[in-house]
Amino acid sequence: MEATGELAGEDPSAGLEPGNLSGVRHIILVLSGKGGVGKSTISTELALALRHEGKKVGILDVDLCGPSIPRMLQAQGRAVHQCDSGWVPVFVDQEQSISLMSVGFLLERPDEAVVWRGPKKSALIKQFVSDVAWGELDYLVVDTPPGTSDEHMAAVEALRPYRPLGALVVTTPQAVSVGDVRRELTFCRKTGLQVMGVVENMSGFACPHCAECTNIFSRGGGEELARLAGVPFLGSVPLDPELSRSLEEGRDFIQEFPKSPAFPALASIAREVLNATPALLS
């Protein structure tokens with residue numbers, strides 16, 4: 001089925017007022033064709049790594065059924081306030097260099113489920129895009145829902161008029177995941193969304209004692225997918241107990257664990273994004 005309307009290539013930006021996104025220089029979507037591959041982990045660590053490169057970063061968590069980023073950044077239970085321009089995002093550090101908006105802030109209880117039909121979810125995603133007062137940002141990282149469902153299409157459609165820099169596509173090494181994520185690359189092509197590259201997450205287990213990496217699932221699926229699709233391969237992030245612990249405790253992995261096996265891969269992905277930005281804009 002071919003995409004139609006705005007997603008098929010019409011220019012929906014004609015006559016559009018930038019509004020609350022007028023101060024955002026670059027928008028990056030983090031996508032995958034399936035759930036459970038670690039999009040929220042990659043989104044969080046990318047934002048932290050960009051912050052440590054001196055960038056001001058926002059995170060828009062539109063994964064409505066699994067809004068986990070507030071916990072990963074130790075921001076659960078924080079209140080979202082209103083201003084004249086809309087919702088004020090939550091700042092997760094004293095320097096206010098990372099701001100976050102998530103449906104998790106709108107739930108009365110942490111275990112509350114978002115039991116909504118597609119149109120209501122799509123309307124909230126569009127409201128998140130238009131009504132959050134981000135201010136000046138170098139990068140806005142958007143953690144999207146999995147797959148190509150209504151929410152996923154709503155996120156891409158709502159952001160497309162603002163000309164996103166591109167998408168990071170996340171997979172895990174095994175063939176089942178790679179097969180699903182291949183469909184995500186097709187989705188990006190059909191919607192005209194530039195693919196910045198593929199990230200292979202959970203790429204082996206890094207032993208905390210000897211640092212040897214054991215390939216629990218398989219190896220090289222993400223790199224092969226990128227080669228076949230003709231897009232950059234940005235790196236492999238291993239399963240790392242220190243990374244898992246930092247996410248559970250809401251700590252800054254990039255700052256606190258520079259000797260961790262996952263650190264070089266995550267730092268390299270951020271550098272690849274920074275290096276690719278000028279070329280993608282040309």
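Every residue gets a Cβ built from N, Cα and C, even glycine.
According to TrEMBL, the protein carries these features:
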- Gly33, Lys34, Gly35, Gly36, Val37, Gly38, Lys39, Ser40: ATP binding site (BINDING)
- Cys207, Cys210: [4Fe-4S] cluster binding site (BINDING)
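Around the Cβ of Gly35 (ATP binding site), the same chain contributes Gly66, Pro146, Gly147, each under 8 angstroms and 6 or more positions distant in sequence. Between the CA atoms of Gly33 (ATP binding site) and Cys207 ([4Fe-4S] cluster binding site) there is a gap of 29 Å. The CA atom of Gly38 (ATP binding site) is located 25 Å away from the CA atom of Cys210 ([4Fe-4S] cluster binding site).
With every protein chain in view, the residue among the binding-site residues Val37, Gly38, Lys39 whose Cβ has the most Cβ partners within 10 Å turns out to be Lys39. Cβ atoms within 8 Å of the centroid of the Cβ atoms of Gly33, Lys34, Gly35, Gly36, Val37, Gly38, Lys39, Ser40 (the ATP site) belong to the same-chain residues Ser32, Pro146, Val170, Thr172, site residues excluded.
Put simply, Cys207 ([4Fe-4S] cluster binding site) is 27 Å from Lys34 (ATP binding site) when counted between their Cα atoms. All protein chains shown were included, and the count of other CB atoms within 10 Å of the CB of Lys34 (ATP binding site) stands at 19. The Cβ of Gly36 (ATP binding site) has 12 other Cβ atoms within 10 Å, all protein chains considered. The Cβ of Cys207 ([4Fe-4S] cluster binding site) lies under 8 Å from the Cβ of Cys213, Thr214, each of these being in the same chain and 6 or more residues away along the sequence.
Summary: among the binding-site residues (Gly33, Ser40, Cys210), the fewest other C-beta atoms within 10 A of the C-beta are counted at Cys210. It is 25 Å from the Cα atom of Cys210 ([4Fe-4S] cluster binding site) to that of Val37 (ATP binding site).
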